Every structure is written in C-alpha cells, then in structure tokens.
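Listed features, source TrEMBL:
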type	residues	note
TRANSMEM	6-27	transmembrane segment
TRANSMEM	39-60	transmembrane segment
TRANSMEM	66-87	transmembrane segment
TRANSMEM	94-117	transmembrane segment
TRANSMEM	123-143	transmembrane segment
TRANSMEM	155-171	transmembrane segment
TRANSMEM	177-199	transmembrane segment
TRANSMEM	211-231	transmembrane segment
TRANSMEM	243-265	transmembrane segment
Amino acid sequence: MDPVLAADSAVNICGAMGLAVAVLIFRARDRHGPLTRRFSLVLGLVALVFLLRGAGWLVGSLWLEQWAVACAAFIPLGAVVVIEGMLRRHAPRALKLAVLAGGLVLAPAGLFAPAALGDTVEITLALFQLATFGACGVLLVTRDRASLSEAENRSVGRLGIAAFCMLPFILSDFRAFFPAIPVRAGALGALLLVTFALVADTASEARRGHAAVLALRIAAGLLLGLALSALVPGGDAGETLRLAAVTLAGTLVIGLLVDTARALLAAGSPGLLDRIANAEAETRDGLIAEIARHPPFEGARRLSEAALADFDPPILRQALANRIVIRRADRPWSRPADDPATERLAALMATHGASHLIVIGRDPLDLVALHVPLVMADQATETAMLLAGRLIAAAPGAGR
C-alpha cells in the first residue's frame with residue numbers, strides 16, 4: 001500500500017475514534033446542555049467524514065470516498081449551527097440559506113461527479129468551507145458581548161483562536177491545492193482541538209495539570225514518530241512527518257480513551273466523600289467507620305485525648321492549632337527538628353504506623369490516624385482527607 005495513503009488512512013481513523021470519544025465525554029458531562037446536542041451533531045458528522053475517508057483509502061473504495069465528500073459538504077452548516085448556539089442568536093438568514101444551498105449542491109456533486117471532475121469538486125468544497133468559516137469568524141468578532149456572560153465570551157474567544165489555528169490542518173486535507181503535502185492532517189487538527197477543548201472545560205485549578213499531561217502526550221507522540229523514522233532506511237523528511245502524525249494521532253486517541261475509562265470507573269464506584277455524604281451514621285465514630293471501609297483509608301482509627309495522654313496533649317494541641325491534616329512526609333512541619341511538638345508528633349505517627357493525622361477536634365483533642373499506601377497518596381486523596389476532616393469535625397460526638 002502507498003505509504004502516503006496508509007498514513008492518511010491511519011490519521012483519519014484515529015481522528016474518527018477521538019471525536020467519537022469526545023462526543024461521549026461531552027454528553028456525560030452535560031447531556032441536556034443547550035450546546036451539547038449541537039456539538040454532538042457536528043462532531044459526529046466530522047467523525048463520520050474521517051471514518052469514511054480513512055476506510056475508503058484503506059480498502060481502495062471510491063464509493064466510500066465519495067460519501068465522505070458528500071458528508072463534508074454539510075460541515076459548514078454544522079459550523080453555523082454551533083455558532084448560533086454559542087452566540088445565542090440566529091445567524092443572518094442569507095448566510096444560512098447560502099450554506100444550506102451549498103451543501104445541497106456539493107453533496108450530490110461529490111457522489112455523482114465523474115472522476116475527471118474530482119479535483120474541481122475538491123477545490124470547490126475547500127473554498128466553500130473556508131468561506132463559511134470566515135463568515136463564522138466575522139460573527140464571532142462582531143458579537144454582542146454584553147448579551148453573553150464573561151465565561152461565554154471567554155469560550156467564544158477560545159473557539160475563534162482554535163479555529164484560526166486549525167486552518168493549516170484543514171488546508172492540508174485538500175491535495176488539489178497542495179499536492180506535495182506529506183500527510184493530510186485535518187483529522188489530527190480536530191483531535192488536538194477537541195483535546196484542548198476538554199482541558200479548557202475543566203476547573204481553572206486543575207487546568208494547568210491537565211495541560212501539562214496533554215503537553216507530555218504530544219511530546220511523547222512526536223518523539224515516538226521521530227524514533228520510528230530513524231529505523232526506516234532511506235526515510236526522508238516527508239516520511240518523518242507522516243510517522244510523527246500517525247504516532248501523535250494514536251497517542252491522543254489512547255489518552256482520550258484512558259481518560260474516558262477512568263471517568264467511567266470513577267462514576268461507577270462511590271468515592272470517599274460520597275460514602276460520607278450518604279452515610280446513615282450521624283456520629284464521628286460512624287463516619288470514621290465509613291472512611292475505614294474505603295480502600296485508601298482502611299484501618300483508620302480514632303484517637304481521643306485520653307488515648308493521647310502519653311504524647312502530651314497540650315503540646316500537640318498547640319502544634320495542631322491551625323492544621324486539619326498532618327502528613328508524615330512534611331516532617332518537621334515547619335518547626336525545628338528538636339522542637340518538643342515535632343518529636344511528639346513523630347512518635348505518635350510511628351507508634352500507630354500512621355502516614356496522616358486528621359484533626360477532628362481540638363478541645364478536647366480528637367484525631368484520626370491512618371496509613372495511606374504510597375501508591376494512593378495523590379492530590380485527590382489529600383483533598384478528600386481535608387474535606388473528610390471538616391465533615392467529621394462537624395458531626396456530633398466530640399469525645400469518647
């Protein structure tokens with residue numbers, strides 16, 4: 001098989017898989033949201049185009065390629081539908097009629113035009129798509145900002161920047177314009193776009209972490225492509241670009257699949273806070289028992305002030321005055337190493353084999369000692385312990 005077509009096919013099939021996963025993620029986040037149906041429809045249409053093209057090139061089916069062109073003729077209409085939803089107003093009637101008419105003309109042309117007119121149809125489709133995207137860009141720039149919230153204006157701005165960055169990827173799909181292009185990268189651009197969109201849709205506190213993970217995935221995909229190109233004898237720059245595009249597309253799809261599987265597994269099993277919030281117990285002992293049934297916190301035990309008598313509760317109380325969670329890894333806890341409180345906290349944690357102490361009462365002193373395995377001691381677990389400590393502290397049962 002021609003390596004150029006093989007690379008094009010692989011990238012497009014990866015793009016179809018990635019967009020399908022993105023649709024599932026968006027629907028899982030907000031199934032009945034005002035934009036969910038519009039985004040799902042457009043992403044599904046683009047995924048279908050990528051799948052038809054990739055499969056057509058893979059098996060050498062002209063019929064599948066023609067259907068891909070016919071479906072692609074309606075992508076501009078989908079773009080207008082999404083823009084209307086984001087701006088919360090109708091696009092100009094003339095624009096909608098022109099886009100609809102263009103789709104109705106180009107779809108049959110893509111299906112039934114003779115092979116000799118293939119380049120003409122491709123060029124016309126490219127110009128039609130670019131003109132529509134340009135019109136959508138004008139609508140974004142000239143929008144009524146006062147009618148949208150700050151978050152909506154920010155989302156519209158991000159969409160405009162992303163669409164502009166997508167132009168080189170879109171143009172690479174039309175070999176009638178650029179016959180020497182090493183690989184059609186439109187599907188790769190779509191994968192990058194939806195991946196960035198999923199990152200931007202997270203809370204701002206987590207966005208940096210997600211962006212760092214995404215950067216690592218992109219770097220890993222590109223480096224893998226470069227490494228494979230070094231193993232290909234006589235490979236040129238075009239071959240290197242093709243391999244890098246294929247490995248990057250595959251890496252992004254795998255990342256989306258892993259993220260989706262993790263989210264589904266997390267949704268299917270109740271977490272620590274779910275257990276506490278839905279617990280029938282109304283006392284601290286009952287809530288602590290709920291913690292002890294959660295895998296990271298098995299063996300959690302409550303330590304009343306009487307049980308802490310050997311560790312000088314007044315000294316401990318002073319050291320824990322402004323803390324909720326104490327981590328063994330943070331020793332000496334911003335205190336001198338020979339400070340009496342440091343020594344007593346270290347001895348207390350060593351005696352009970354605890355990696356963490358949760359303060360649930362201060363007068364009298366009331367603690368929860370637990371050992372969290374190293375492989376589970378991530379930021380999410382630390383946050384869960386902090387919130388769990390506040391919930392347990394608010395429950396009745398100050399002492400035992």
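Here the Cβ of each residue, glycine as well, is placed from N, Cα and C on the backbone.
Counting Cβ pairs under 8 Å to the transmembrane segment (211-231), the stretch among 39-60, 123-143, 155-171, 243-265 with the most such contacts is 243-265. Three or more CB pairs closer than 8 A are found between the transmembrane segment (123-143) and the transmembrane segment (66-87), so contact between the two stretches is assigned (pairs 6 or more residues apart). Between the transmembrane segment (177-199) and the transmembrane segment (94-117), the number of CB pairs under 8 angstroms, six or more residues apart, is fewer than three, so the stretches are not in contact.
Cβ atoms under 8 Å from those of the transmembrane segment (155-171) belong to residues 86-87, 126, 129-130, 133, 136-137, 140-141, 143, 148, 177-178, 185-186, 188-190, 192-193, 196-197, 200 of the same chain, restricted to positions at least 6 beyond its ends.
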